[in-house]
């Protein structure tokens, strides 16, 4: 596993323009409802007197039949990347583009190349986001735990960011592979993560999307080769500057972000969530739905009673409490975290091995969504023409130029005709989620696969069909061997099969029966931090 091209929408929450601080609002605006929140101990009423968030309307810059060669995202012409590098296998894929292994032709040194589709950049803010990401990577260059940018290049179709190759895989994968680790090791990893936060803040940068997936190892055998990647949501900030756009990932988002009044303190909260997961294997704020997670974050209750917390040191729990303090002004700064006794050099974090159950939970935490995603694909592929006739009609109605693909503008206009009240950012989120091949448009097959979340998933006959696909021998149970065969068929080789079985298998017989399968499919998709067609599209499909 190498550098991954993380989706800017798949793993994020979007409420408004994610690149604009409060004081930079433009005169042309639209009104969006505030995030629902219960009463909390911390009073933010003075900071949030308006009942609604006012955000700028994005000005589109990309249109069908526009010659993309006539403008530069980077603002200037660059050398042809293929004159300097050889691009080879794909390392990862996200909503904006794909990351490839690339080799410097002159030196033979391997790098990672994140290629961003210019067709995805549908507004001026999108272009500014890419420019800012590159600027921030250059600005932070030189820190030993931040991925190093080599250069940025542009051609008629893509912006290419060449950066240091992190071939050691994700932080969590390394922990799982190790089989056990101690509080001391968790303290060492936390020191690296918070050190990145301190470096960013000292240089006037707020990361805004810290999470374990955004930390990769350069060398799988060296835990200290950890590097922060993906600065796509990062912004420059000035002391005292207030931001109110809701960005991040559900498990890791700070309460003040949900309340749309925040600054760099939110990064410390997120680092505290990561620390809690490192020590327990589960996030501190948990629910079956995204709104439930948000409510838990705003409530702020931290569980230190259930296993393994009774055997975790008091010093570790003290640090977590101070990092997950609901009041940003009372929360530790990154510098103060690094001075805490549990984390500092020769600190008090014990070297006692943590409960193996923590590792098990980590594996289960990462495995569930892979099976669910595979099952959704199976359902999409099993639908008959009769079942999708209504969806085909909807697709054809949206595809106004009969090109066989829906553009952003066509999707926006089509949803309006069907009664949708979604914001532009939410519509863009849906489009990015549905556009599997990153073409900048949604083709027919992608549209069907996405819209089955609306009106097909809960149909029992389709759940039966999907279950039968996995139940190869028709025994009424999905076994680990059958699951392995299905994973191979779908090219999913990095799945922890035993943990999928364990998580779904409610009666502990080592198999998944139909009722357990249905329960998994109907369970809130809590591990995915993006809006989906199912939970975002505010239209009725009964007559479609």
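Cβ coordinates are placed from backbone N, Cα and C, and glycine is handled just like the others.
Swiss-Prot lists 209 with the feature active site, proton acceptor, giving sequence analysis as the kind of evidence. The Ca(2+) 2 binding site annotation in Swiss-Prot covers 435, 437, 439, 441, 446 and rests on sequence analysis. Taken from Swiss-Prot, the feature Ca(2+) 3 binding site covers 471, 473, 475, 477, 482, and the record attributes it to sequence analysis. Sequence annotations record features per position, and here Swiss-Prot assigns Ca(2+) 4 binding site to 505, 507, 509, 511, 516. The domain 'Protein kinase' annotation in Swiss-Prot covers 85-343 and rests on sequence analysis. Per Swiss-Prot, the feature domain 'EF-hand 1' maps to 386-421; the stated evidence is sequence analysis. Look at Swiss-Prot and you will find 422-457 tagged as domain 'EF-hand 2', backed by sequence analysis. The domain 'EF-hand 3' feature in Swiss-Prot is assigned to 458-493. According to Swiss-Prot, the domain 'EF-hand 4' annotation covers 497-527, on the basis of sequence analysis. The phosphoserine feature in Swiss-Prot is assigned to 249; the stated evidence is similarity to another entry. Per Swiss-Prot, region 'Disordered' is recorded for 1-47.
Distribution of Swiss-Prot features across the structure.
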residue : record                : contacts (Cβ under 8 Å, 6+ apart)
435     : Ca(2+) 2 binding site : 95, 441, 442, 446
439     : Ca(2+) 2 binding site : 117, 119, 405
473     : Ca(2+) 3 binding site : 482
475     : Ca(2+) 3 binding site : none
477     : Ca(2+) 3 binding site : 471, 511, 512, 513
509     : Ca(2+) 4 binding site : none
516     : Ca(2+) 4 binding site : 504, 505, 506, 507
For the Ca(2+) 4 site built from 505, 507, 509, 511, 516, further residues of that chain with CB within 8 A of the site's CB center: 477, 501, 504, 506, 508, 510, 512, 513
Summary of DSSP states over the domain 'EF-hand 4' (497-527), given as helix, strand and coil counts: 17 helix, 2 strand, 12 coil
Rounded inter-Cα distance in Å - the residue listed as 'active site, proton acceptor', the residue listed as 'phosphoserine': 7
Shell list (Ca(2+) 3; ref centroid = CB of 471, 473, 475, 477, 482; cutoff 8 A): 470, 472, 474, 476, 478, 479, 511
Tally of residues which DSSP labels helix, strand or coil - the domain 'EF-hand 3' (458-493): 21 helix, 2 strand, 13 coil
Site with most surrounding Cβ atoms, counting all protein chains shown within 10 Å, from the binding-site residues 505, 507: 505
Residue 209 (active site, proton acceptor), number of other Cβ atoms within 10 Å: 25
Overall pLDDT of the domain 'EF-hand 2' (422-457), taken as the mean: 68
Where residue 446 (Ca(2+) 2 binding site) sits in the secondary structure, as DSSP reduces it to three classes: helix
All-chain count of other Cβ atoms within 10 Å of residue 471 (Ca(2+) 3 binding site): 22
Other CB atoms, at most 10 A from the CB of residue 441 (Ca(2+) 2 binding site): 22
